[in-house]
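Student: Per TrEMBL, the feature region 'Disordered' maps to 1-42. Feature annotation from TrEMBL assigns domain 'BAR' to 45-268. Residues or ranges marked as coiled coil in TrEMBL: 60-87, 157-184.
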Amino acid sequence: MGRTAAALRVEAPNPPGQPLQPHSSDVGLPHGNNTGIPRIPFKIGQPKKQIVPKTVERDFEREYGKLQQLEEQTKKLQKDMKKSTDADLAMSKAAVKISSDLLSNPLCEQDAAFLGVVTAFDTAMRRMDSFNQEKVNQIQKTVIEPLKKFGSVFPSLNMAVKRREQTLQEYRRLQAKVEKYEEKERSGPGLAKLHQAREELRPVRADFEAKNQQLLQEMPKFYSSRSDYFTPSFEALLRAQVVFYSEMRSIFGDLTAQIGRAALSDELRERENEGRLGELRALSIVGDD
């Protein structure tokens with residue numbers, strides 16, 4: 001379709017079997033071992049410096065949480081729409097099957113009037129099935145397919161968030177490394193290591209800040225785009241339903257006119273049917289044992 005959501009510039013969707021990592025503490029390096037492998041000079045864990053303000057992290061989690069909820073709602077809506085259209089098709093196909101079975105009933109060969117009624121009914125059911133199929137096709141094109149396209153954006157979004165998290169972990173690790181060297185004696189070798197650590201930190205910090213800023217800007221835009229994206233789809237859904245039920249009114253109005261006795265109320269029809277059922281029950285072959 002021509003409508004597109006706010007683009008999230010990422011490279012690839014989330015690989016299967018690798019769920020998005022939550023915002024948790026750093027993985028860090030091992031805290032120790034009993035395998036005989038020499039210990040590292042010092043343990044690198046959480047940095048003392050707060051590298052991401054708590055307000056920024058809360059904003060990020062709030063915006064991403066809204067998109068996670070939107071993803072689940074989109075999946076559910078797409079699934080429910082598919083169930084609805086499948087049920088619609090099953091209904092009209094079943095009606096055609098009933099009318100076809102009635103036409104093959106031996107009674108139609110014996111009663112010309114009944115044959116005329118059943119033929120009119122069969123024609124109506126086939127017209128209904130045809131319009132129903134057209135309605136379902138329209139819903140597939142204007143609602144279900146756009147829902148599917150909208151949902152296809154979320155794997156890329158999740159991958160962008162995962163990469164941001166991975167960069168944050170590396171940022172924290174290198175920041176802790178810098179802090180450790182800053183705490184050590186400022187000797188010649190120590191200063192060299194500190195300088196090297198700061199050089200390693202600089203591009204990772206810039207990379208994280210770029211990823212973080214991009215997501216903080218684009219996640220709200222993507223979320224707010226949902227109304228503009230879906231409004232035309234649901235307008236098309238309403239139009240398809242209005243056209244279908246308008247046609248159904250015409251079809252069943254014609255059917256009522258063909259079978260006659262349109263002025264007979266439902267109450268009178270029920271009384272008439274009950275009277276005929278009473279006559280049938282009075283026959284000896286259907287009497288109680």
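Cβ from N, Cα, C; glycine included.
So that I understand the layout, could you describe where these features sit and how close they are to other parts?
Tutor: Within its own chain, the coiled coil (60-87) has Cβ neighbours under 8 Å at 23, 136, 139-140, 143-144, 147-148, 150-151, 154, 157, 161, 212, 215-216, 219-220, 222-223, 226, counting only residues six or more beyond its boundaries.
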Student: Across the coiled coil (157-184), what does the mean pLDDT come to, as a whole number?
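Tutor: Summarising the coiled coil (157-184) by its mean pLDDT gives 92.
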